[in-house]
Amino acid sequence: MTSVLPQSAAALVDPQGRTIRYLRISVTDRCDLRCRYCMAEQMTFLPRAKLLSLDEIAIIAERFIARGVTKIRLSGGEPLVRRDVGDLVRRLGRHVGAGLDELTMTTNATRLDQHAQEMVDAGIRRINVSLDSLDAERFRYITRHGDLDQVLRGIAAAKAAGLAVKINMVALAGLNEAEIPAMLRWCVEEGHDLSLIETMPLGAIDEDRTDRFVPLTRVLADLQTQFALHRDAHRTGGPARYWRVEGTATKLGLISPLTANFCDGCNRVRLTTEGKLYLCLGHDDQVDLKAALRDGGIDGLDAAIDLGLTRKPARHDFRIGRDAAPAVARHMSVTGG
Ligand code: SAM
Ligand code: SF4
């Protein structure tokens, strides 16, 4: 199918007056790891017949670009386990600088050494890599299967290829909380940014997230005793707040949807690998873009996107605590983190 980009259409503005400029795409719900806060050990993944084809993902993404989206993040699950992801990266990469300001990816880096160069060639400049520990045993425990050396090789390959790397670390009480200052020091040495994330109540896992929840207010107070941190005005329209580590190139991000709610400036929507457009990570409101595209072509797709926008909730409603059910039943890997 040909690109849908030339046919521009109305900008994406929701009932709260927020303009949508950021699309996250979960290209697969599958993953080669099983991080304890993200997935249960036994997961049921979508049958392949239900997935959007790569062409359909690209058509939907290009329609969002035509309607004003300037940033796309490929995520999952683990995006690099989808066999044809390189083709998607190349196709969407053609729009970087021509509608799209940024194409990026969040990955666990287990296969990054094989993909880093093709990402750079396609126009990707920055990526996020999940790394919850620099201790090989703890890393294996948290991910259930992960090999730290393999991930570090992937990160090194990304750096060598010229990709800027932001490390994502979910703060977990009794697991990696004490390691956070060391992780920040490592990021400073390696020239990476670091984003710390509060564990969010998304999907059933084998543990009670309350046991592992760390409010990032506590982490920040601890880091401020060891680092000179200066507030940075940088905003991405998400729940992150940023600090600069004095005398370094490293930016520290705190993603705290539980202890702070920044939904007022939300500029993003999320496409699942099954073709559903979720309007908020923490709500079940969605529209089926796969059906709309298959039944109604680009006009059907536009109508479904417009309908979806009218359903974008004003704010999420995350709570964490004893007996609090997950805010939504689907895992982060379905919606695309
Ligand atoms: N597999 C890739 C990775 O791990 O980077 C991309 C998908 S993963 C779902 C995206 C991000 O979401 C990761 O940084 C991961 O740590 C985070 N994440 C997953 N489940 C989470 C949860 N329940 N609460 C907070 N962050 C979560
Ligand atoms: Fe996989 Fe990423 Fe979830 Fe870990 S956080 S299980 S790497 S999708």
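Backbone N, Cα and C atoms are what each Cβ position is placed from, and that goes for glycine too.
Since the structure is predicted, the reported quantities are computational estimates derived from the model, not experimental observations.
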Binding-site annotation, TrEMBL, GTP: partner of R24, R73, K166, R268, V269, R270 in T106, T107, T199: T106
G77, S130, M200 bind S-adenosyl-L-methionine per TrEMBL; candidate in Y37, Y242 listed for that same site: Y37
Rounded inter-Cα distance in Å - G77 (S-adenosyl-L-methionine binding site), C263 ([4Fe-4S] cluster 2 binding site): 24
For the domain 'Radical SAM core' (15-232), mean pLDDT (0 to 100): 95
Binding-site residues close to ligand 1 - of S130, C263, C280, only those whose C-beta is under 6 Å away: S130
Tertiary neighbours of C35 ([4Fe-4S] cluster 1 binding site) (same chain, Cβ under 8 Å, six or more apart): S130, D132, I142, T143, R144, V170
Candidate nearest C31 ([4Fe-4S] cluster 1 binding site) in space, where candidates are the binding-site residues Y37, M200, C280 and distance is Cα-Cα: Y37
